[in-house]
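Student: Can you keep this structure in mind? I'll have questions shortly.
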Amino acid sequence: MRGSSIDVAAYAKIALLVGLFLGLGLAYRRSGRSEAIGAMTVCTGLFIAFTASLSLFNYLLTPNPRPLIDPWLQAADSALGYHWPDAIAWAAEHPLFNEAMRFAYMATLPQIAVLVAVLGLTKRLEDLYSLLLTVTITGTIAVMFWGLFPSAGAKSFHHISSALLHLVRPVVDPAYGAEILALVKNGAPYLSPDEFRGLIAFPSFHIVLAVTATWHARHINWLFGPYLLVNLIVLPAVLVHGGHHLVDIPAGMAVFAFGLYCAREILHPAAARAAIPAT
């Protein structure tokens with residue numbers, strides 16, 4: 001991206017935070033005091049570094065001269081009988097569930113952070129490594145796909161009355177969608193992690209994170225139930241509060257499945273598995 005300035009101070013703070021987590025984690029691991037705390041803090045530092053780098057990389061792909069694929073996605077939605085303004089109208093008629101959807105939508109990334117801590121402290125290190133590998137692989141796939149086939153989401157192409165917007169207060173609204181379209185066309189003059197927007201519509205990365213969190217919480221009985229409940233609500237939440245196309249949901253699930261497969265292959269290559277006697 002040409003002509004953009006970078007928020008050096010903000011990225012310096014992130015680098016410092018990452019360095020602190022990595023240093024603390026390595027100190028714990030080398031001293032032998034706690035493998036669990038060491039793994040948790042190292043993975044936390046790596047997760048912060050990855051998310052900051054990935055969001056910056058996504059913005060570096062703007063302006064994106066490639067045609068938006070939203071017309072194709074809207075056509076698929078229409079064939080399935082889905083219309084985003086209808087979802088907003090439905091949410092307005094169900095205010096309590098609308099607030100539950102808002103909470104679930106906003107909880108996707110914090111769920112990953114909580115899970116990193118819980119898996120590390122309970123010494124479920126294989127699940128922890130699988131979690132971070134899956135997020136890393138799927139995030140990279142989503143950004144690279146967006147670079148080749150950009151999309152802006154249903155919220156960028158529909159008008160919603162001010163009355164409905166006041167009732168529903170979607171996290172991502174048509175004004176947000178207009179900002180995304182402007183970024184795709186013109187790029188961002190200022191690159192700051194404090195001002196970044198989620199650019200990716202297809203596949204839904206909120207769905208990727210929700211399914212990833214639920215899957216990797218399955219061995220923690222007290223956490224799996226709440227995660228499952230919240231992330232079932234994420235399914236309609238990405239439509240109402242994420243302004244997504246309906247087809248973004250199965251696409252996100254497919255990306256998760258592929259990312260999990262790749263993570264397993266990295267942790268347990270096929271050749272190594274084949275050498276293990278069947279039990």
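For all residues, glycine too, the Cβ spot is worked out from N, Cα and C.
Quick paste from TrEMBL:
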- 6-27: transmembrane segment (TRANSMEM)
- 39-61: transmembrane segment (TRANSMEM)
- 72-260: domain 'Inositolphosphotransferase Aur1/Ipt1' (DOMAIN)
- 103-121: transmembrane segment (TRANSMEM)
- 128-149: transmembrane segment (TRANSMEM)
- 196-215: transmembrane segment (TRANSMEM)
- 222-240: transmembrane segment (TRANSMEM)
- 246-263: transmembrane segment (TRANSMEM)
Student: Can you tell me the mean pLDDT for the domain 'Inositolphosphotransferase Aur1/Ipt1' (72-260)?
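Tutor: The predicted confidence over the domain 'Inositolphosphotransferase Aur1/Ipt1' (72-260), as a mean pLDDT, is 94.
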Student: Could you tell me whether the transmembrane segment (103-121) and the transmembrane segment (196-215) have 3+ CB pairs under 8 A, leaving out pairs under 6 positions apart?
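Tutor: Yes, the transmembrane segment (196-215) contacts the transmembrane segment (103-121).
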Student: Near the transmembrane segment (103-121), which same-chain residues lie under 8 Å Cβ to Cβ, leaving out any that are not at least 6 residues past its ends?
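Tutor: Hits for the transmembrane segment (103-121): 36-37, 39-41, 43-44, 47, 51, 127-128, 131-132, 135, 171, 206, 209-210, 212-213, 216-217, 220, 223, 227, 230-231, 233-234, 237-238, 241-242.
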